[in-house]
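In what follows, a structure is listed as structure tokens, so that the remarks can point back to it.
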Amino acid sequence: IKTAHFILIFCLLALASPFAYASDPSPLQDFCVAINDPKDAVFVNGKFCKDPKLAKAQDFYYSGLNIPRNTSNPVGSTVTPVNVAQIPGLNTLGISLVRIDYAPNGGLNPPHTHPRATEILVVVEGTLYVGFVTSNTDNRLITKVLYPGDVFVFPIGLIHFQFNVGKTNAVAFAALSSQNPGVITVANAVFGSNPPINPNVLVKAFQLDKNVVKNLQSKFWWANN
């Protein structure tokens, strides 16, 4: 009997595993324009959605990605997102877009991760040194210098970056496999958390002097996106 129970449980787990590792459920209709007010809305895939009959072109539209952004900030880059927050019609469609502007001579999109998306980036202007780091225990660094027209992929969840090694402005566009990919900028998350992480934790984790940790915690307050 115990053997039979074990086989039954094993079979149930095997059947359940595809669902456990699946991403967001597939849309149940053509689109699901996100809406905050449940009036004139239906509930699909965990979100209130505008009645499809009331959808309009503006729900699927964004303008302005052709405009250069100001990069006069501590890291020398600016990310302009186009996700479900900017285009409600992206809700449930599993995709989004960003424009990234980099200042000359070292503009940096600092090391960060997207917890919910793979990213594919294309360089439009300039020269970028890009890379990502594989997970423990290898922590292998994979890098490439990109020129206009070059494309590079950053796998989901891995720490990655882009650095302008040219003397002119650089511009790249990236698509991400989520309507809301999220971003965790490593330095800000570690040294700029709110409230701050106990310095003793960071002293031991990074093998740094406590004064160095406190100095870093006083600096990492600015978020790139």
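Cβ atoms are placed via backbone N, Cα and C, with glycine included.
Positions annotated as signal peptide by TrEMBL: 1-22.
Summarising the annotation, TrEMBL assigns disulfide bond to C32-C49.
Feature annotation from TrEMBL assigns domain 'Cupin type-1' to 63-214. For the domain 'Cupin type-1' (63-214), the mean pLDDT of the prediction comes to 96.
Annotation comment: TrEMBL describes N109, H114, E119 as oxalate binding site.
Within the same chain, the residues at least 6 positions away from H114 (oxalate binding site) whose Cβ sits under 8 Å from its Cβ are F154, I156, G157, L176, S178, P181, G182, V183, I184, listed in sequence order. The Mn(2+) binding site annotation in TrEMBL covers H112, H114, E119, H160.
Cβ contacts within 10 Å of E119 (oxalate binding site), excluding its own Cβ and spanning all protein chains shown: 22. E119 (oxalate binding site) and H160 (Mn(2+) binding site) have their C-alpha atoms 10 Å apart, to the nearest angstrom. Note on proximity: among C32, C49, N109, the recorded positions of the record, the Cα nearest H160 (Mn(2+) binding site) is that of N109.
Cβ neighbour count for N109 (oxalate binding site): 29 (other Cβ atoms within 10 Å of its Cβ, all protein chains included).
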